[in-house]
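Peer 1: The structure is given below, and queries will be raised subsequently.
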Amino acid sequence: MTIYNFSAGPATLPKPVLEKAQAELLNYQDSGMSVLEMSHRSPEFDKIIKDAEATLRELMAIPDNYKVIFLQGGASTQFTMVPLNLAQGKKAYYLVGGSWGKKAYTEAVKLSKTIPFEPILLASSEDTVYDHIPSFDPSTIDPEAAYVHLTTNNTIEGTSIYDLPDTNGVPIVAHMSSNILAARYNVEDFALIYAGAQKNIGPAGVTVVIVREDFLNDQPQLSAMLDYRIQAEAGSLYNTPPCFNIYISKLVFDWVKNEIGGVDKMAEIQREKSGLLYDYIESSDFYTNPVKDAKDRSVCNIPFVTPSKDLDAKFVAEADALGFKNIKGHRSVGGMRASVYNAFPRQGVLDLIDFMKKFEDENK
């Protein structure tokens, strides 16, 4: 039985990446050591981390005046690290189009009780269960604000921002965990981008931060571990980094570049692959996708429901038994969610659609 992993993260990794990692696991390039055990100060790992950065720069067209940092703590740590480094004494706006955006705003509010800055909720679609990307009047944004924070892909609710909003000249900070490398963005449109690896980059445990040099903090922070400037100047080696995770991420970057053909080709594949499922759901009177506007649909996370919660539960159970794993929707919204990240095979979407048709015929 073929197993398809629809997990929202950690998620499917490219098979060629896993095979290469397997082949090199015990003896990395005749070093006599595994990457799991080699020093982060060794020449071998120095090449790994530098090659990882170089390939990511090429894939995303990252300009020279941006730093790339490999950190730990997941995107959730960035909810605190961003305002701690960038917002002191200023306003910071939050566009909340999903649960993770709300968590970022909530952490900022919590931090503002200790550090002097003003987090402001710019707009939210929470009242409609985040079924769309909220709009706002850019003239309401103070042009002297530190940043506008947004989430480019809402993993739980299945919405994305593809065209960046007008922010009245205020720099944009983007949480890009779940659609980085799956859609093309102009890095120069952002002051800072952060992304947890466990969806489109690699295994959980490493977080990529891309930050414009003039946006690096001037003042020392409460902790060196939470200080962008210190981390950047140390080349991601202020302390021992998650070496194996960075190595796997490098292999994924190589896969996107050499086997897929780059981000633009990857984005094309994602649009076509997700479109297969969206088209079927639209053609069905049994399944529903909750996203209000088609233009906001995610190419990575596709939530859907049947006519009842009982049928949803039955669908999940039968799907799991047939090898469609981790398709249950997030506990906050229920239903189902097909996370079809970059490494998820197109055939898995086709097989899921076949099962959905069969389930519909048997239960409508």
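Heads up, the Cβ atoms here are built off N, Cα and C, so glycines get one too.
These came from Swiss-Prot, pasted as-is:
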BINDING   ARG41  L-glutamate binding site
BINDING   ALA75, SER76, TRP100, THR155, GLN198, ASN239, THR240  pyridoxal 5'-phosphate binding site
MOD_RES   LYS199  N6-(pyridoxal phosphate)lysine
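In the displayed structure, how are the listed features positioned relative to their neighbours?
Peer 2: In sequence order, LEU237 are the residues near ARG41 (L-glutamate binding site), counting only same-chain partners six or more apart with C-beta under 8 A.
Within 10 Å of the C-beta atom of THR240 (pyridoxal 5'-phosphate binding site) sit 10 other C-beta atoms, taking all shown protein chains into account.
Around LYS199 (N6-(pyridoxal phosphate)lysine), the same-chain residues at least 6 positions away in sequence with a Cβ under 8 Å from its Cβ are ALA8, GLY9, PRO10, ALA11, THR155, SER177, SER178, ILE180, CYS300, SER339, TYR341.
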Peer 1: Under 8 Å Cβ-Cβ from GLN198 (pyridoxal 5'-phosphate binding site), six or more apart in the same chain: what's there?
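Peer 2: When sequence neighbours closer than 6 are ignored, GLN198 (pyridoxal 5'-phosphate binding site) has GLY9, PRO10, ALA11, SER177, ALA204, GLY205 within Cβ distance under 8 Å.
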Peer 1: Of all the Cα pairs drawn from ALA75, SER76, TRP100, THR155, GLN198, ASN239, THR240, the residues the record ties to pyridoxal 5'-phosphate, which distance is largest, in Å?
Peer 2: 30
Peer 1: Which one of these binding-site residues, SER76, THR155, has the sparsest Cβ neighbourhood, judged by other Cβ atoms within 10 angstroms?
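Peer 2: Minimum Cβ neighbour count within 10 Å, taken over the binding-site residues SER76, THR155, occurs at SER76.
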Peer 1: Name the residue among the binding-site residues ALA75, TRP100, ASN239 whose Cβ has the smallest number of other Cβ atoms within 10 Å.
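Peer 2: Lowest Cβ count within 10 Å among the binding-site residues (ALA75, TRP100, ASN239) is ASN239.
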